Amino acid sequence: MEKTFLMVKPDGVQRAFIGEIVARFEKKGFQLVGAKLMQVTPEIAGQHYAEHTEKPFFGELVDFITSGPVFAMVWQGEGVVDTARNMMGKTRPHEAAPGTIRGDFGVTVAKNIIHGSDSLESAEREIAIFFKEEELVDYSKLMNEWIY
């Protein structure tokens, strides 16, 4: 089944949105298979934002993501990558629709509450950066037969 990586960023953790965000994805019917509160190191941040290394805002990205704890998660379900992107809303909170996470809670592009993988390939790469294989739990949820 398809998996995606989501991360409540330091601003979302500090503003106490972890529970709200987890609840939204659970209510949608997705299955949480890995989660941890963690401090991102500069090394992990560099791997995570590798495609932005040469961009002028790279240092700010690393500084922000390492400024406080994050809540890293792996979710699975049919179409979870695209659906999660839609649930998060556009990157710029002022462009994000009401009802989306960023539309409801985001303040600025830099402090937009949540990160989510933008493709299956990105999800695989990001999951491998933040989680060891043994940290992911494969289990059956009885409600899946009512969803899929």
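Cβ from N, Cα, C; glycine included.
Annotated in Swiss-Prot:
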type	residues	note
BINDING	LYS9, PHE57, ARG85, THR91, ARG102, ASN112	ATP binding site
MOD_RES	THR91	phosphothreonine
ACT_SITE	HIS115	active site, pros-phosphohistidine intermediate
MOD_RES	SER122	phosphoserine
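Long-range Cβ proximity for ARG102 (ATP binding site), meaning a same-chain Cβ under 8 A and a gap of 6 or more residues, is found for MET88, GLY89, LYS90, THR91, ARG92, PRO93, ALA96, ASN112, ILE113, ILE114. Each residue contributes its Cα atom, and for LYS9 (ATP binding site) and SER122 (phosphoserine) these two points are 17 Å apart. When the recorded positions LYS9, ARG85, HIS115 are scored by other C-beta atoms within 10 Å, LYS9 scores highest. Between the C-alpha atoms of SER122 (phosphoserine) and PHE57 (ATP binding site), the distance comes to 20 Å. For the recorded positions THR91, ASN112, SER122, the greatest number of Cβ atoms within 10 Å around a candidate Cβ is found at ASN112. Looking at the residues that bind ATP per the record, LYS9, PHE57, ARG85, THR91, ARG102, ASN112, the two CA atoms farthest apart are separated by 22 Å.
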